[in-house]
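Annotated in TrEMBL:
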type	residues	note
TRANSMEM	12-38	transmembrane segment
TRANSMEM	50-74	transmembrane segment
TRANSMEM	81-103	transmembrane segment
DISULFID	C144-C161	disulfide bond
TRANSMEM	201-226	transmembrane segment
Amino acid sequence: MGCGSGFVKYVLFFFNLVVALFGLAVIGIGVAVLLNWSVIREELNGHLSVAPWLFIVIGAVMFVIAFFGCCGAIRESHCMVVTYAIFLLVIIIVQVILAVLLFTNGDTIKDGLVKTMNTLYNKGTTDAASRTVFNNLEQQLQCCGKNGPSDYGLLELPMSCCSHVGTLGKVLGNSCTLVDANTEGCSARVADLFEKWSKPIAGVSIGIACVEVVGALFSLCLANSIRNMDRRSRY
């Protein structure tokens, strides 16, 4: 076969073997979160459970695509290699679109995230599930309230607003006080995190897409070689 197909075949096989193992690891993380956070998941009535299921879905997609790549390469199956290439091209397009949106519409996306945080906080005043979700975000992002601790008043602050309980809080029965509360509001925190990570994420997405383009070209080259070999074998 031409196109250095022997070398390409084994490169695709080992590359996709690594991707498949990584996909299984991602699935394992999602399953572990589901098992360990079962109580919280029930309290949130399905809100937080989206995250582990997202891990499982992403890991499963990675594994399936890598499966087609591995099997197609080692078995020299034209159909499986072409299917793998199509999957890869679709992922490349999605990644490029994501990167372009982050580069060109970053401010719009950031405003949307801030509005979502504000809406979640406002709903939390009447909805227990939204309140629990927002408290979890406060704990994870180390922020407090929509705009700051003052959103809750001067007396009772949720424990999620405090990264640690100081002397005053211990005296008051291990409660969260303004002295110990995180001073930054969650809306500003989300905006800052987006500003910090949006461009790196877009850059990494483009970089991974470039590597995937090479993989797609290799797979198309191998598919072409397999098809040519099948044609020769018929005559």
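Every residue gets a Cβ built from N, Cα and C, even glycine.
The shown structure was predicted, so the numbers you read here are calculated from the model rather than taken from an experiment.
Counting other CB atoms no more than 10 Å from each candidate's CB, the disulfide-bonded residues C144, C161 peak at C144. Highest Cβ contact count with the transmembrane segment (12-38) among the listed stretches 50-74, 81-103, 201-226 falls to 50-74 (criterion: pairs under 8 Å). Sequence-distant contacts of the transmembrane segment (201-226) (same chain, six or more residues past either end, CB-CB distance under 8 Å): 1-3, 5, 8-9, 11-12, 15, 69, 72-73, 76-78, 81-82, 84-85, 88-89, 91-92, 95-96, 98-100, 102-103.
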